[in-house]
Amino acid sequence: MHELGITQNIVAIVNEYAHGAKVRRVLLEIGKLSAIMPDAIKFCFDICSQGTVLEGAVLEILEIPGLAKCRQCGAEIALEKPFGICNCGSVHLDLITGEELKIKEIEVEEVCV
């Protein structure tokens, strides 16, 4: 389960960017073709965030669909797998979206001085 290592890195990155402020929410973008299981990330997030400024934070995951462009005709096609066939018959596709793993937003509590 590589999601544990990925989640540990996500927690470390968010922790660094929070500069000690309590994190309320984290928004991730995960591509549907990335071979990363969002449910496993959510499970690991609850464990990995314990004892950090992320403890209790809400993890939101936005799944990005697979999209490719045909090299032959230029058409864009939706992909459910990391490969496919265009309506023109070509298998020469360039992936546009679907393999993302991004920390898109971090919401922290405002620090009152």
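Here the Cβ of each residue, glycine as well, is placed from N, Cα and C on the backbone.
Computed from a predicted structure; not experimentally measured.
Annotated features in Swiss-Prot:
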- H2: Ni(2+) binding site (BINDING)
- C70, C73, C86, C88: Zn(2+) binding site (BINDING)
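Cα separation, C86 (Zn(2+) binding site) to H2 (Ni(2+) binding site), rounded: 32 Å. Looking only at the binding-site residues C73, C86, C88, the densest Cβ neighbourhood within 10 Å occurs at C86. Taking each of the binding-site residues H2, C70 in turn and counting other Cβ atoms within 10 Å of its Cβ gives the largest count for C70.
Taken residue by residue with DSSP, C70 (Zn(2+) binding site) is part of a strand. Separating the Cα atoms of C70 (Zn(2+) binding site) and the residue listed as 'Ni(2+) binding site' is a whole-number distance of 31 Å.
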